[in-house]
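Here is the structure we will look at.
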Amino acid sequence: MFNDLSSVTAYLETRRSGKPRDMVAPGPDSAQLDRILQTAMRTPDHGKLFPWRFVEVIDRSAFADLLKKAFCDANPDARPVQIEAAIAPAHMAPTLILLLFAPQPSLKIPLWEQEMSVGAVGMNLLHAAHAHGFVGSWITGWASYDPIVQAAICQGDEKIAGLFFIGTPALALEERPRPVPSDIIRQWP
């Protein structure tokens, strides 16, 4: 069983993201989404800079149009099947949240620590979605790095840290390869 909510330990040991293309309704209602986002913000944040922002994508057709324009500008010879694949994420899952990295000026808090904080918010966002009985997924992909998409979504120095999909799994979740602890854990000295 994945995302076993019988205890915190059971959940963490069975945590599994879903595939955005396999997510269906229902997704969180607005009160649930508010709680999910508030929970996500309960994260390590040295200096209380809040170097992250959330963008809820409401108009999926407009987002698909943005993705199509960006993809076609970058790939003028793209075939229709490639264009459809590029805009498909705009129509996946009932809820789509863009997590932005919003670096804050600070003489004391290095940019690296702010980047880690946005990563922690992303993980908390998944945990909170799962704790509410939904399944979530965090992807980046070409759109996160595309200058046209970034110009339309981001302000100032913001960058897209990821697209977060939240919904109900239409198919059973499957395990993926996990690292062998002895391969990645070492002791010092």
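Along the chain as shown, residues are numbered 1 onward.
For all residues, glycine too, the Cβ spot is worked out from N, Cα and C.
Noted in TrEMBL for the protein shown:
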type	residues	note
BINDING	Arg15, Arg16, Ser17, Arg42, His46, Trp138, Ile139, Thr140	FMN binding site
DOMAIN	26-167	domain 'Nitroreductase'
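Comparing local CB density within 10 A for the binding-site residues Arg15, Arg16, Arg42, His46, the maximum falls on Arg16. Residues Arg15, Arg16, Ser17, Arg42, His46, Trp138, Ile139, Thr140, recorded as contacting FMN, have a largest CA-CA distance of 28 Å. Long-range neighbours of Thr140 (FMN binding site) (same chain, six or more residues apart, CB within less than 8 Å of its CB): Ile160, Ala161, Gly162, Leu163. With the fewest other Cβ atoms inside 10 Å of its Cβ, the least crowded of the binding-site residues Ser17, Ile139 in this structure is Ile139. Taken through DSSP, the domain 'Nitroreductase' (26-167) splits into 70 helix, 26 strand, 46 coil.
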